[in-house]
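What follows is a single structure, written as structure tokens, with notes after it.
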């Protein structure tokens with residue numbers, strides 16, 4: 001992986017962090033080239049990260065429990081999708097283990113997946129120079145593969161405190177998996193392909209063409225959100241007591257708490273909006289028009305349009321004061337705010353393959369890990385801020401969706417309908 005570092009300081013590691021306050025609106029181009037020697041430079045010099053400062057993830061489509069009733073879902077018994085409310089914490093480790101028991105050191109030494117092993121035709125067996133496993137790296141483990149979807153998985157959700165895992169797919173279904181047995185206990189069928197899935201507290205939201213359906217899992221009530229949605233709903237987010245839905249038309253529809261009617265529509269993108277994330281009282285949207293827009297959550301006005309990617313902006317993620325963007329152009333860009341509040345790129349990575357999705361998680365040692373899905377059918381695990389690779393996951397098709405759970409759990413769903421459960425190890429090797 002080629003990494004383009006946004007600066008070079010003598011005697012300092014090549015890392016990124018937020019830009020200093022107290023400078024002007026721009027990052028010093030001489031400093032970025034490693035040759036600015038002015039201590040009183042009027043341009044910005046991003047700082048070296050301070051050791052021991054905890055930084056937090058803000059993943060799209062993943063939220064802590066809240067008591068708000070978005071969409072006016074009542075807290076009473078009602079018709080619709082019935083799911084038992086959780087009484088026990090999720091324990092996916094009880095799911096039957098798969099046969100992926102290759103030695104850790106062997107996986108580390110063999111990092112190129114054997115294409116013949118994938119199809120069951122490798123004749124070299126243990127003597128093959130390539131990897132016969134769906135992953136390498138000693139910091140995580142595959143727990144289970146959940147089979148049932150017949151087309152691409154487009155959304156995964158594990159509501160906090162629930163013992164049920166939810167997934168939606170282009171096969172027009174939502175599946176409900178028992179976390180203790182790994183069995184699919186319920187299938188909800190729709191008339192159209194599912195484009196996205198999100199959980200917020202006890203509520204589940206499913207994005208469909210020109211519609212969103214929602215369920216309150218505690219009272220088993222269903223509601224459809226009304227509004228001028230046009231085209232597939234590719235992404236949903238919650239922030240400041242509002243639900244945001246991004247559509248193929250290029251608009252973002254907004255619902256306020258306790259209302260099933262659209263309160264506002266955010267316009268500005270010229271093509272489909274495919275990614276959303278909320279952070280620092282801002283909504284960020286990524287689009288097929290190759291731009292990112294930053295919206296104020298109070299006024300719902302567009303504050304800035306970010307240019308820099310040459311292809312679709314597939315994924316957005318917030319980490320502390322940074323915005324990560326991933327595009328089919330193969331670039332990961334890290335953005336930070338200047339004194340004026342405008343965002344500028346402070347770090348770039350070239351993955352060499354188009355980026356499909358991001359997810360952030362923290363390991364047992366509180367180190368932040370970035371999960372990055374690429375269109376070469378792999379997911380890379382990077383430790384931040386150094387972007388040191390911790391391991392890699394392989395699939396038979398593109399991993400279209402990533403999601404995290406509690407206790408180090410994370411999930412991948414690929415274009416063939418395969419849903420896989422993973423877990424970060426409690427003891428991480430140094």
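Backbone N, Cα and C define each Cβ position, glycine as well.
Curation does not apply to TrEMBL; its annotations are automatic.
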Identify the zinc finger range according to TrEMBL, selecting from 108-135, 136-163, 164-191.
108-135
Just give the helix, strand and coil counts over the repeat 'WD' (306-345), going by DSSP.
0 helix, 24 strand, 16 coil
Please count the residues of the domain 'C3H1-type' (108-135) that DSSP assigns to helix (H, G, I), strand (E, B) and coil.
9 helix, 3 strand, 16 coil
